[in-house]
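Student: Quick one: structure below, then a few questions.
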Amino acid sequence: MDDAAAATADVLAALAPSWSAAVVLVSYLAYLAAAGALLPGKLVAGAVLPDSSRLHYRCNGLLSLLLLLGLSALGVYMGWMTPTVVADRGLELLSTTFIFSVIVSFLLYYTGLRSRHQSSSLKPHATGSFIQDWWFGVQLNPHFMGVDLKFFFIRAGMMAWLFINLSLLAKSYLAGSVNRAVILYQFFCGWYIIDYFIHEEFMTSTWDIIAERLGFMLVFGDLVFIPFTFTIQGWWLLGNKVELPLLASVANCIIFLIGYLVFRGANKQKHLFKKDPKAPIWGKPPKVVGGKLLVSGYWGIARHCNYLGDLLLALSFSLPCGASSVIPYFYPTYLLILLIWRERRDEARCSEKYKDIWAEYCKLVPWRILPYVY
């Protein structure tokens, strides 16, 4: 057997799901469910749904994350677990989580079709196409034992992203390969994830929570795609030493900072506007079209300026890997395609919903994502 064939065989063997990986996954999800239900947190009202109802979300993700970090540190200190346990079982966990996401999506499809609820959250929205209904989902906000599954899965995926990265960092440290590139990548991702949980209530006014039904697309995206593909850069740096020049490091930090300010600033403005349409934007009364659409702040620059910030952040996560391979740039490339696709869907939805108001808004804000380019 040649080296390539042997390497392929090793990868396939490592991809085999295992009971130990299943125990790790179930334990992790059980902890999140218990922590989400028991730990204190701000109760945030979600967007008003078509039937005028509103869901409420307990935003205690940051406390749940800090407690899990503390418990994990205690487990490592006491010798109950190794700091590299997630990285060592990365491929097993990937395949196990994928199988879990498939099973969950079929259960959501089956129970959604059988639902007799008429509320906006639980009313079945079936098209008659199995593929479409399984992929996009049947219900908007399905629950299980009192847990809002959509909000829960997003939280699980974001936390898993951080824990995989920390396990990779521990593996790099033990191998003596921690350098400037590794530190920058870990810092950027860590800041982004922790900041997400600090502002977790902003998630309640996003497209995923308000408009997307829960099917395989979101379940797979949250539980598999986010944690296991957004960490490709970390895996790359584990196996490839990148000497990042100081000037490139400074430029990388600037891109990250600009992306963060645009992304967080735009999402904060939108969230605050939905809570209080009269709240000042950049120190001035907000300009509104048709009493519904914000045309001030970042939202007067581009119709989806938060996407620009997200893309700059994604790029900053990959730049520490250098330019020797396209593999670490999978995340920003994927995100670019996804956000353009999502922007087109959102434009069509808003045009149908707001009609003439949307047309007027587009005249005032002609740029979709990047001013003077797109």
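Using N, Cα and C of the backbone, Cβ positions are placed for all residues, glycine too.
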Student: Would you please say which range out of 9-29, 30-50, 93-113 has the annotation transmembrane segment in TrEMBL?
Tutor: 93-113
Student: Counting only residues 6 or more past its boundaries, what in the same chain has a CB within less than 8 Å of a CB in the transmembrane segment (244-263)?
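Tutor: Beyond its ends, the transmembrane segment (244-263) has Cβ neighbours at 179-181, 184, 188, 191-192, 195, 298, 305-306, 308-316, 319-320, 322.
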Student: Pairs of Cβ atoms less than 8 Å apart decide it: which stretch in 61-81, 152-170, 218-238 has the most with the transmembrane segment (93-113)?
Tutor: 218-238
Student: Are there residues at least 6 beyond the ends of the transmembrane segment (152-170) whose Cβ is under 8 Å from a Cβ of it, and what are they?
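Tutor: Contacts of the transmembrane segment (152-170) (Cβ under 8 Å, skipping residues fewer than 6 from its ends): 28-29, 32-33, 36, 61, 64-65, 68, 72, 83-88, 90, 178, 182, 186, 189-190, 193-194, 196-197, 200, 203, 208, 214, 218-219, 221-223, 225-228, 230-231, 234-235, 237-238.
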